[in-house]
């Protein structure tokens, strides 16, 4: 359905893939239209399978009705234009057929003569009349009011003639019947046309009637003179004095005069020629009469300036946005001026170019204005090159969307020439480089005028068409001073001769979009590939993050039809496209884009009704320049004369007559930005504070000044002597106004105090001014001396104050604070500002970290920092986070543990070393787990895991002492009483020696049945079944024991306990037990069901270490995301010998949880939270 119409219309600059036919397919590069945008989120494929779906096209069926503003309400006479058009169209068709076929003329002779005599002019043979009727029928269907007037006048005239004939009488019965019937038909037609007057609303150009008359008169005169000359040359039997009249009758009289009135006949072939002369005159006149396209189909300077302003504000997402500045387009704006649509009218189709330009929120208003314009002039709306978001907007306005293909988008950050998939491009680039080609990349503004003139000359000489092509995806002007930000990429040979060029227009501030591609016939193979690759590889230095290349029409059809197992319809459709590719190079374009491994982004065509698809296709072919109509204005210089900019925007004086971009800051001030109206949507309390801020600024008060240190903290001020002069800074938490005296509560990190403002004590101003300028939550600096209120409350007697930070949003409830736990996490800054308990928690965490460091420093440990970004994930069994480094084009992992790097330091001789830092594990989130956490790892040479039992206990007890003032842990407790349930924390003593138990003994006690390291797998599985513990069949005995431990021991432990001697198979980095077979020297510290830390006697045997890591790597290769990868660098370091070492790993977050009795989300300042 219209495929032959849409394909060529999407080419970019009027060329095929190659501009020199001698090149082979290996160096083809697309040079057609393109189109970007992001996702296909808004457009879902039609639910009902159709032929377009089977072929690989996604036809978007419309289920939404047009908004009321886009269509006129249907009246009972809405059918009149179509009925009139069809009636006249049938007569026109029969008249044309009768003019070319004597047989048809003989068959319809009787009804034709009856219609001609009594109903409607239906001459014997006359091309002119046939074509005029066809144009009249089309105009009637398009609801042109001038066509209604022409038809009505014809009916009235015919009715008057019939009425006169009836009144004259003397006719035969047959003639009387015909005249009466004709008169009745005319009266009915006149009544229907008058009643349907409002259905013919489409306008034509002003003065169309006079222009049409002038065209017809000129054409008729030329036709009569030419026909007279032919009659004189070939008179046949026609009398000399009747030749001029005969010619005039045939040319302009529609052969209405009976041929018998003339003496003789000219040669037969002349009648057809005479009719053509008349046809040309009448067709020209009719076209001018019914034409609704504006004469100035172009942008004015103000229009272009407004478009550039909208692009600066909103154009960062639209790769086709810059093409809206093409000057042979017209534009229609939303009433607000925040969005617009550029378009061109061809063959009665108003063809919109891509997405609306401007604020997405104003797109519906721009589409509505465009549809109203189409309706006013009777144009059929059509869209070429819409993005997914744009097509969704057009759908919501009542149009249908059809996916045409995909645009190739390159992401320079991901582009590389290495890899098997880039072999073709790499080889082409190598060939071009061997030929000595280099690439030069410059902005147009950096090119001298004479050099740009040479560039334009080269572009014209290398073009394989007479004129530039393009509409929706081409700029059509090279070297214009207004396009100084465009990018020129040139391929230069060793003799400094330019052999090829790419010109790209801006796509926002960080992208470029291909506009022009040219190459010399002498350019070597791979020239285009070299330019594209060099542009992508050097994009970062140019500030480019995305490159829009060419458009692949029906890409999905090529791709799906070539897949293994593709259905017969998909293969047939692909075969048809391959066949047509002989002329339109469709497959070549797809493959030339595909070789760069781009991101494919869909583009759409939109239309109102399936019946207008051919017209939309023809309009796109004409607009793109593939079909040039007679008297086309395509190659003329386009400068519009009638600005379309809304008066509100034009009146600002920001727009420029030369089309240059306006001042963006000025556009923001007149409300053309996303911030327009923000304050009107703010809550009332926030709006009041913004208003107060504006008043302060207008009074010359800086609400956010440069800071200066206060002389005292609040705590120090409260401890200062009476009458001591102090200055403090803090946040206002409460205000009590008693007229001349005002009390406020001021809080800083150290505490809270009362400040007293008395008019008699203030150096300047009064308390009322303070009350008017400040709100709760404001930051202020207070100066004065310490004293007391009448009630004896220690207070700062204020002599001067300064606002140092205006709080523009109200604080939470001053009594209850933030009660919602999720809100406390997401707005931790507010939680800390109003909640003393939260400030205590963050202080306790700091104390824990400091105590851990001080304890280790006291024992001679050295603190180091090891890489967080690692090439391999190892050191623990956990799922890692993956990121990517563009410089080396490789994946990296956020470390799950620093162990392997710390052991490298141990090999180097660092005997006591630790790291206190962040680790990352892509696992669950709950009360005790966060994907990002703080981990302590410490290693001590010449020690084992047993030495770390006392060391770990000492670290935790010292941390508790620092945070709580005693070696105690806080545990949640719930008491139920008469006044309800009360939740609180109670201290638990954790001083002294903590229990130590083996893993197998603890499990045996929980099961009531003895197990050890020699217990078989079958027995362990039976015990799991009996205890209800799940397991996997691929697990070995060690993994099953670990599962029993986690379900039966770890989760039931309360007091801090060390569980030692874990199975060897689940401890890949731990040395085997020195005396027990099947277990490793490892312990886990557990308290109240949470593992706090673990320690190993580290495995220092490099041979055994390699064997175990190879087992882990096999698991990783088999799909286990938590298994460690083989780290050859680490193993090589171990082969240089590491001393016997004991290692400790401890989760600092869990230690803080133990000491404070809080969850991990409460103890972390900013735990990971789900997005809203």
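Glycine is no exception: its Cβ is also placed from the backbone N, Cα and C atoms.
Residues or ranges marked as compositional bias 'Polar residues' in Swiss-Prot: 17-31.
Annotation comment: Swiss-Prot describes 80-100 (among others) as transmembrane segment, evidence class sequence analysis.
Swiss-Prot lists 122-142 (among others) with the feature transmembrane segment.
If you look up Swiss-Prot, you'll see 146-166 (among others) marked as transmembrane segment.
Taken from Swiss-Prot, the feature transmembrane segment covers 177-197 (among others).
Residues 243-244, 246-248, 250-252, 266-267, 270, 273-274, 277-278, 280-282, 284-285, 288 of the same chain sit 6 or more residues outside the transmembrane segment (214-234) yet have a Cβ under 8 Å from a Cβ within it. The transmembrane segment annotation in Swiss-Prot covers 214-234 (among others).
Per Swiss-Prot, the feature transmembrane segment maps to 272-292 (among others).
Feature annotation from Swiss-Prot assigns transmembrane segment to 612-632 (among others); the stated evidence is sequence analysis.
Residues or ranges marked as Mg(2+) 1 binding site in Swiss-Prot: 1084, 1091. For residue 1084 (Mg(2+) 1 binding site), the number of other Cβ atoms no farther than 10 Å from its own Cβ, over all displayed protein chains, is 21.
As annotated by Swiss-Prot, Mg(2+) 2 binding site applies to 1091. DSSP assigns residue 1091 (Mg(2+) 1 binding site) to a strand segment in the three-state reduction. Listed in sequence order, 1050, 1084, 1085, 1147, 1150 are the same-chain residues at least 6 apart in sequence whose CB falls under 8 Å from the CB of residue 1091 (Mg(2+) 1 binding site).
According to its DSSP assignment, residue 1084 (Mg(2+) 1 binding site) is in a strand.
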